[in-house]
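In what follows, a single structure is set out as structure tokens and then discussed.
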Amino acid sequence: MMNRFRKWLYKPKRSDPQLLAQFYYADEELNQVAAELDSLDGRKEPQRCTLLVSQFRSCQDNVLNIINQIMEECIPQDRAPRDFCVKFPEEIRHDNLAGQLWFGAECLAAGSIIMNRELESMAMRPLAKELTRSLEDVRGTLRDQALRDLNTYTEKMREALRRFDVLFAEFELSYVSAMVPVKSPREYYVQQEVIVLFCETVERALDFGYLTQDMIDDYEPALMFTIPRLAIVCGLVVYADGPLNLDRKVEDMSELFRPFHTLLRKIRDLLQALTEEELHTLERSLCVSQDVELPIRADTQAPSALAPTFSASLPPEETLSASANNPEAELACSMQYDDQELEELSRMVHRAGDEMSSLLSPPSACQSPAHRPGSEASPRGEASPARARLKSGSDEEERVFFMDDVEVTESPARPESPGNTFELTQGNAQQRGQDGQSGEVGVEAPALVKEEDWSNNNVEGDKIKLASLMGSTSCSCLDSQLYLDGWEVSAEDAETAEMIAHRTGGMKLSATVIFNPKSPTSQDSAVAAQEAPGHGTSPLEPRAEGTGDNSHKLSTTATNCLLHSCVCCGSCGDSRDDAVERLREKCGPGSVISASNPSVSLAKGGDKEPERIDEAQPSDVTLPAEDASNRQEPKAPASSKCLAHTSGPQVDTASRLQGEGEVKGQPEPEARKQDPEKSPVVSGDSPRGDVAQTEHQHLLGSSSTVGSCSLDNTRLDVATAAMPVTPMATREKIRSRFHGSHDLIHRLFVCISGVADQLQTNYASDLRSILKTLFEVMATKPETDDKEKLKKVTQTLRSAALEDCALCQETVSSSELAAKTRDGDFEDPPEWVPDEACGFCTSCKAPFTVIRRKHHCRSCGKIFCSRCSSHSAPLPRYGQVKPVRVCTHCYMFHVTPFYSDKTGM
């Protein structure tokens with residue numbers, strides 16, 4: 001009864017601006033909507049129910065906002081800390097968050113469960129019940145105080161507000177943490193480091209002229225893509241110790257770049273191989289918002305700063321660029337093949353990590369002949385790949401073997417001896433080239449591969465390299481089965497390079513593709529030994545048996561080499577190449593390293609039965625060499641490859657040494673002229689033509705003797721560990737995998753853009769927050785000194801006089817105006833400009849419309865729009881004591897005493 005009388009007597013007015021009065025009516029409206037919602041049947045009137053729920057949520061927001069204002073006024077020093085709100089995602093930090101939290105607390109208190117958050121819901125239910133009770137106490141206390149005294153805050157009300165504030169802050173953190181991921185302090189600190197990196201990147205871009213200050217001040221939309229791209233480059237190269245430091249743990253990286261850790265490592269290696277000019281070219285291309293083509297460089301070789309030292313030793317008439325004249329060779333060895341590249345780019349947005357990682361490696365196992373470190377091995381600039389790439393999609397692709405630049409068809413058969421020796425025999429062979437064709441690069445891809453077709457491309461060094469690098473070591477990370485024994489394919493079943501390349505999605509290589517559709521597993525494999533012709537001979541000369549004129553046995557180690565080459569990571573092949581380089585430096589060009597492996601055989605065509613190597617012989621076996629007396633040299637000599645694989649940890653170091661394809665002496669044609677008896681041949685007239693005679697005369701140069709440098713595995717490891725690889729060699733090795741400078745920049749552009757643009761999709765909220773902070777920092781101009789500020793303000797005020805303003809032209813001081821006002825001597829107000837005489841705002845020149853109306857300034861009488869005449873001030877000089885409408889100019893310079901005194905200076 002007393003509350004009813006108090007409500008009737010002390011009920012506040014609706015127009016009362018005091019907070020308790022506003023709360024009273026907001027709470028009344030909330031109770032009315034809640035009562036109507038309780039009495040409504042939502043099944044019969046779903047639309048009405050939806051409308052009331054929306055209205056109820058709005059009323060809750062209004063009540064909580066007023067309570068928050070009361071707490072700011074009542075207990076400003078006792079508020080619960082809410083620093084955790086900075087960790088919330090930006091999309092949930094809005095004005096309606098408090099109402100959503102209230103609604104969630106009521107649902108949890110009533111027994112509801114958050115979907116997929118059962119454990120969190122059960123843990124928060126006691127807190128939600130306590131929060132709802134505290135909120136009801138606060139509402140009752142404030143409503144009671146609004147009926148008593150609107151200007152007084154009792155201690156009871158203060159205590160209720162303190163308790164509610166603490167509970168609401170605790171529930172806010174718990175509820176939001178359960179609904180959305182909240183950053184830990186460490187993650188928040190890392191994100192701040194990313195913000196600093198972005199700011200430093202923009203500073204650097206401004207210094208180099210990539211961006212302009214106007215673009216930042218205008219919030220250019222293209223910067224949302226440009227800045228993250230440049231930040232990746234700066235974070236990997238310029239500020240390598242920052243948040244993109246890849247040498248620390250992956251867990252310590254920002255979650256923005258953590259999924260791209262492996263890809264960023266590859267990008268960093270390629271960026272470090274760039275010159276300064278190439279780096280600037282890449283950064284300029286990353287700043288372009290439109291899809292423009294990268295500038296094509298005229299040179300396809302490495303820049304002068306990274307030019308290899310061996311280029312000067314090549315014959316002038318046979319430079320590296322000459323090898324690019326053959327269009328089919330360029331097609332076979334180039335990295336550019338548009339169809340597959342376009343397909344890669346189209347899938348990049350959805351599979352950024354895998355696809356862009358593959359783009360960083362050459363799409364073909366064959367490198368461009370004009371850009372390989374092994375190009376100096378032959379005047380023709382030919383070299384074989386450092387390693388073969390395998391696609392692990394199917395068994396078919398794992399059983400594809402490419403023989404580099406050699407067109408050969410061989411009928412594979414089971415080896416005669418099941419031990420550690422593999423055999424390769426050859427029947428009659430036909431010579432394709434006649435009368436000097438041996439001096440050309442014979443690169444062809446035959447549509448039909450015949451048994452009799454043997455082509456010599458003068459790639460003896462390539463054969464040694466391919467045999468050694470493919471079969472020297474096996475990578476433990478690739479445990480695929482060896483498809484070796486018991487398969488035999490006729491010439492009709494062999495597929496051409498075009499067919500298999502088309503089916504497997506790879507690039508057409510001008511090489512014979514040996515494909516084995518079905519082959520069982522073999523447990524044994526051996527090391528292939530290449531013959532080294534010279535004056536020194538070896539007592540070991542095992543031979544293989546030829547089965548016929550037109551039937552050829554393929555050593556099954558060819559497939560074994562491919563299956564055991566490391567294709568899952570690039571570091572294995574790189575380390576292998578580094579070991580070969582260090583070994584060559586130690587032993588010299590005239591040394592031959594033999595493996596400490598007794599199972600070394602030379603597969604050679606002939607009628608004799610294969611001879612086994614006596615196991616009682618020493619482990620260090622010198623490479624077998626053959627007398628040159630039994631050889632013949634046709635006009636266009638042909639050769640084949642003897643490939644094998646090591647079944648154990650032993651490494652055929654001789655093959656590895658020769659596999660680099662280094663030429664340490666005179667060119668091959670001159671060597672052939674001096675000693676024609678030492679040239680490798682495969683006689684087409686003799687059924688006992690030599691097969692797999694891979695000699696290294698061009699490796700020895702003019703040296704007539706072959707030295708031997710026998711090392712066991714332990715000494716080899718010591719030698720390789722003692723000689724580190726120089727950074728220049730590493731950069732050259734990386735650059736040699738790409739067709740040229742333009743191709744390297746293009747690959748980096750694609751991958752960096754893919755990673756940066758992927759951030760827009762995966763981490764839109766974090767990136768938006770980072771860019772928002774970035775623009776706030778970078779758009780701020782450097783502040784000047786206070787004296788300079790004062791000078792600028794004074795100059796502005798003095799120059800603020802308008803020529804058409806009568807008040808600016810008068811010379812009466814403010815003191816004289818004040819004296820006239822005290823004496824009651826008022827001036828006549830200025831004449832108003834007629835409405836029909838002005839169709840535009842005097843200040844902003846905006847045309848007047850039905851919506852934009854005309855307003856007269858009471859101080860100067862001119863016509864302005866509402867925006868330019870929004871101020872009100874008394875005009876004592878005209879007798880106007882109450883505030884009247886004045887324009888902005890008059891308000892700033894003629895009405896306010898401070899500015900009026902300044903204008904009188």
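Cβ coordinates are placed from backbone N, Cα and C, and glycine is handled just like the others.
Record features (Swiss-Prot):
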BINDING   CYS841, CYS844, CYS865, CYS868  Zn(2+) 1 binding site
BINDING   CYS857, CYS860, CYS887, CYS890  Zn(2+) 2 binding site
COMPBIAS  358-367  compositional bias 'Polar residues'
COMPBIAS  418-437  compositional bias 'Polar residues'
COMPBIAS  542-552  compositional bias 'Basic and acidic residues'
COMPBIAS  605-615  compositional bias 'Basic and acidic residues'
COMPBIAS  647-656  compositional bias 'Polar residues'
COMPBIAS  659-678  compositional bias 'Basic and acidic residues'
CROSSLNK  LYS87  ubiquitin cross-link
MOD_RES   SER334  phosphoserine
MOD_RES   THR512  phosphothreonine
MOD_RES   THR888  phosphothreonine
REGION    354-441  region 'Disordered'
REGION    516-552  region 'Disordered'
REGION    589-691  region 'Disordered'
ZN_FING   835-895  zinc finger
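Those residues of the chain, other than CYS857, CYS860, CYS887, CYS890, with a C-beta within 8 angstroms of the mean position of the Zn(2+) 2 site C-beta atoms are ARG858, SER859, GLY861, LYS862, PHE864, SER869, VAL886, THR888, HIS889, TYR891, HIS894. Taking the centre of the Cβ atoms of CYS841, CYS844, CYS865, CYS868 as the Zn(2+) 1 site, the nearby residues of that chain (Cβ within 8 Å, site residues left out) are THR842, SER843, LYS845, ALA846, PHE864, SER866, ARG867, SER869. Neighbour counts were taken at the CB atom with a 10 A radius for the binding-site residues CYS841, CYS868, CYS887; the maximum falls on CYS887. Within 10 Å of THR888 (phosphothreonine), counting CA to CA, the recorded positions LYS87, CYS841, CYS860 contribute nothing.
Comparing the Cα of LYS87 (ubiquitin cross-link) with the Cα of every entry in CYS841, CYS857, CYS860, CYS865, CYS868, these being the binding-site residues, the smallest distance points to CYS868. Calculated from their C-alpha atoms, the gap between CYS890 (Zn(2+) 2 binding site) and CYS844 (Zn(2+) 1 binding site) amounts to 15 Å. With helix defined as DSSP H, G or I and strand as E or B, the zinc finger (835-895) counts 14 helix, 18 strand, 29 coil.
Taking CYS857, CYS860, CYS887 as the binding-site residues under consideration, the smallest Cα distance to CYS868 (Zn(2+) 1 binding site) is found for CYS887. The Cβ of CYS865 has fewer other Cβ atoms within 10 Å than any other of the binding-site residues CYS857, CYS865. The distance from the Cα of CYS865 (Zn(2+) 1 binding site) to the Cα of CYS887 (Zn(2+) 2 binding site) comes to 9 Å. CYS844 (Zn(2+) 1 binding site) sits 12 Å from CYS887 (Zn(2+) 2 binding site), taking the CA atoms of both as reference points. Under the DSSP three-state reduction, LYS87 (ubiquitin cross-link) is assigned to helix. A simple way to gauge crowding: the CB of CYS844 (Zn(2+) 1 binding site) has 11 other CB atoms within 10 angstroms, across all the protein chains here. Between the alpha carbons (Cα) of CYS860 (Zn(2+) 2 binding site) and CYS841 (Zn(2+) 1 binding site) lies a span of roughly 14 Å.
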